[in-house]
Amino acid sequence: LVMRPSIVRHMDSVIDMLICSSVVSSLSFLGVIAVDRYITIFYALRYHSIMTLQRAVVTMASVWLASTVSSTILITYYRSNTILLCLIGFFLFMLVLMLVLYIHMFALARHHLRSISSQQKQPTIYRGGSLKGAITLTILLGVFFICWGPFFFHLILIVTCPTNPFCTCFFSYFNLFLILIICNSVI
């Protein structure tokens, strides 16, 4: 099979766009899941009227459409630091969104455990439940940061020091960073 270099470049761009779209949509869906859990906890009685099937489908379609459009722009203008800064900003936004929502949910759960414990006069339940919640929150956000952090650190290095020998050495691990992102979804 003989292929022209232009076809190979075009196929490479399509594969890069699919990978980038997958990465952006995965990050977006982590944020959507956090918002969905937040609604489930804070608006439990109204959850089914807030999160209808139609809204869920629109949300999923919007995430995929936005991911496809943004990844196309990213692959087209990948040499632009502005585009990379937007992607880094998006990661930081998702990180802060998840931190705020999960910490608020943890605080509510802790408040409920404290209320239940004071009514039953059993402070050990409060301590044990609070510790479990803190461990779960730490694992959830820790795995997110460990799996996604190196990829976005890679992007920051591309913007800040693209020719530094340390940075170029770090760049060689790009495929490992993509595997870590996939591992986050598996975990």
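Placement of Cβ uses the backbone N, Cα and C atoms for every residue, glycine included.
Going by TrEMBL, these are the annotated features:
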| type | residues | note |
| --- | --- | --- |
| DOMAIN | 1-187 | domain 'G-protein coupled receptors family 1 profile' |
| TRANSMEM | 14-35 | transmembrane segment |
| TRANSMEM | 56-76 | transmembrane segment |
| TRANSMEM | 82-109 | transmembrane segment |
| TRANSMEM | 130-157 | transmembrane segment |
| TRANSMEM | 163-183 | transmembrane segment |
Considering the transmembrane segment (56-76), which listed stretch of 14-35, 82-109, 130-157, 163-183 counts the most C-beta pairs under 8 Å: 14-35
Top Cβ-contact partner of the transmembrane segment (82-109) among 14-35, 130-157, 163-183 (pairs under 8 Å): 130-157
Mean per-residue pLDDT computed across the domain 'G-protein coupled receptors family 1 profile' (1-187): 84
